[in-house]
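Notes to accompany the following structure.
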Amino acid sequence: MATPHINAEMGDFADVVLMPGDPLRAKYIAETFLENAREVNNVRGMLGFTGTYKGRKISVMGHGMGIPSCSIYAKELITEFGVKKIIRVGSCGAVREDVKLRDVVIGMGACTDSKVNRMRFKDHDYAAIADFDMVRNAVDAAKARDVSVRVGNIFSADLFYTPDPQMFDVMEKYGILGVEMEAAGIYGVAAEFGAKALAICTVSDHIRTGAQTTSEERQNTFNEMIEIALESVLLGDNE
């Protein structure tokens, strides 16, 4: 049944949902990659769609910015609409010199300065990691398309405008591939409620050099990342 944030019914969503932060990107994905896509949510402008990709039912829905927002939608999709897998498809900023604009990053683990997973885990550190099979399928899907991907830790930040830029030095030292704002929260929600999750990000800007893509490019042209996510779902069905 509908929730305060999602005006859909059981069965409206597929068991796998791709989740970009931007609801307009969700609309773009549905219109570009899915067949027979129909709108299944529009509460607060957080658009959601369900259609098919190569005959496979798949949904896509925005999750907003930051862990509090994405956690609401991820939790409700899992507990109220039967979603089993969530794939975050979004952007991240690079801090390492060897990570370039438009590189595709697969978040095997997600560090964070947020306390949400400590709140879930009795104030202990929780290792927020992606589902291994989903990681493997994404890597295999990328290889099949001859797309090079980076696999490793990302960092989910609570603040977009950080007051502590020296933290980027620490991230670089520890090999963080990209900085975003949601993956650790989605991984925590998935673990708490028995689902699986993965974050795939395209590098939209470089925090060190200032290089960046345009907002229009971030909405419309990260097609390789979306194709990897969709093809990984099909590989998962064949396991």
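Yeah, the Cβs are placed from backbone N, Cα and C, and that goes for glycine too.
Per Swiss-Prot, active site, proton donor is recorded for D205. The feature purine D-ribonucleoside binding site is assigned by Swiss-Prot to H5, E180, M181, E182, S204, D205, with similarity to another entry given as support. Under the heading phosphate binding site, Swiss-Prot lists G21, R25, R44, R88, V89, G90, S91. Taken from Swiss-Prot, the feature site 'Important for catalytic activity' applies to R218, supported by sequence analysis.
By the criterion of other Cβ atoms within 10 Å of the residue's own Cβ, the least surrounded of the binding-site residues H5, R88 is H5. In the three-state DSSP classification, H5 (purine D-ribonucleoside binding site) falls within coil.
With every protein chain in view, the residue among the binding-site residues R25, R44 whose Cβ has the most Cβ partners within 10 Å turns out to be R25.
Max Cα-Cα distance over the annotated phosphate binders (G21, R25, R44, R88, V89, G90, S91) is 22 Å.
When the binding-site residues G21, R25, R44, R88 are screened for a C-alpha within 10 angstroms of the C-alpha of E182 (purine D-ribonucleoside binding site), the residues that qualify, in sequence order, are G21, R88. Considering only the binding-site residues R25, R44, R88, V89, G90, the residue whose Cα is spatially closest to the Cα of S204 (purine D-ribonucleoside binding site) is G90. Counting other CB atoms no more than 10 Å from each candidate's CB, the binding-site residues S91, S204 peak at S91.
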